[in-house]
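Student: The structure that follows is given in the form of structure tokens.
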Amino acid sequence: MKMKLLQVHFVLLVSSSFLLGYTGMVTAAILSRPQVVFVEDTCRENEIFSQCQASPNCEKSCDNIDIWESVPCIQTKSCVSGCICEDGYVRDKNQGVCILENSCPRVRH
């Protein structure tokens, strides 16, 4: 297995000679089949890396903070790896970042 050091946020390993990605430093193995590889050091401020998290649709956010604990989430996958908000933080989907729960913009009705 050949190893390469890449400056990417994620690596889409399509073949041994074709890679796609964004910012962040990772070590990627060139594998024989396509797959997406996320690594811990690509997480942003107030995020932590999780090898196995619920579907991203189930992440606590400013949009669902009031009903998050009372309404079950329908997961699209049983387990995915990636960055999640640290405890006490929720995803602000407008900006895509994790902010303190009490910093969520208030919705006016």
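Glycine is treated like the rest: Cβ placed from N, Cα and C.
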Student: Pick out which of C73, C79, C83 Swiss-Prot lists as the disulfide partner of C43.
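Tutor: That record, Swiss-Prot, gives the partner as C83.
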Student: Please name which of the disulfide-bonded residues listed here, C43, C52, C73, C85, C98, is nearest in space to C62 (disulfide bond), Cα against Cα.
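Tutor: Nearest by Cα distance to C62 (disulfide bond): C98.
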Student: Compute the C-alpha separation of C58 (disulfide bond) from C104 (disulfide bond), stating it in Å without decimals.
Tutor: 17
Student: With H, G and I counted as helix, E and B as strand and the rest as coil, say where DSSP puts C58 (disulfide bond).
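Tutor: In the DSSP reduction, C58 (disulfide bond) maps to helix.
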